[in-house]
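Engineer: Submitted below is the structure of interest, expressed as structure tokens.
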Amino acid sequence: MAPIKSRRIAVLGSRSVGKSSLTVQYVENHFVESYYPTIENTFSKNIKYKGQEFATEIIDTAGQDEYSILNSKHSIGIHGYVLVYSITSKSSFEMVKIVRDKILNHTGTEWVPIVVVGNKSDLHMQRAVTAEEGKALANEWKCAWTEASARHNENVARAFELIISEIEKQANPSPPGDGKGCVIA
């Protein structure tokens, strides 16, 4: 059996988009009804992906805005990023673009493993960001995308499996011309 691989994942996005709800639902299998702004929490969970065991450290961050400074602990030693927006908030969707730019500037790279997550998919009557907009952004960034509902535990595990997939894509690149591209779930 292959040795366990360690991976650090940062969950970033605007305030009140459900970063903590996604993380707690994934790690502890329950939805937190009340809202308490997060300063920062770190969770651990073992993930099995394609037969490989991953010991993950998931850093649930405070909400970002355009004036937030990306903390170096959110870039140094981080293997991948889960960028979360609320499907009910166009401004939170715009904020993931700013956060990604900050990550790329801070890391000095053109690409990092990212999954973009449109959270609160259960609030479809209040939708402000279409699935097509989310998919288009993921295609532009050559990254993974999914919508999720932390409340109903829909696609929550999928979001974290996708970030492991993106991380492994970087760690074990495919030969050129294999026709593989973005993953949209």
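Residue numbering: from 1, along the chain as shown.
Quick reminder: no glycine exception, Cβ is built from N, Cα and C everywhere.
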Engineer: Of the ranges 35-43, 53-61, 143-151, which one does Swiss-Prot flag as motif 'Effector region'?
Structural biologist: 35-43
Engineer: Reported in the order helix, strand, coil, what are the DSSP residue counts of the motif 'Effector region' (35-43)?
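Structural biologist: So the counts come to 0 helix, 4 strand, 5 coil.
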Engineer: The record names Ser16, Gly18, Lys19, Ser20, Ser21, Val32, Tyr35, Thr38, Asn119, Asp122, Ala150 as the residues that bind GTP; what is their largest Cα to Cα distance in Å?
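Structural biologist: Per the listed residues, the maximum Cα distance equals 22 Å.
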Engineer: Express the distance between the Cα positions of Asn119 (GTP binding site) and Thr38 (Mg(2+) binding site) as a whole number of Å.
Structural biologist: 17
Engineer: How many whole Å apart are the CA atoms of Lys19 (GTP binding site) and Thr38 (Mg(2+) binding site)?
Structural biologist: 9
Engineer: Looking only at C-alpha atoms, tell me how far Thr38 (Mg(2+) binding site) is from Ser16 (GTP binding site), rounded to the nearest Å.
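Structural biologist: That separation, Cα to Cα, works out to 9 Å.
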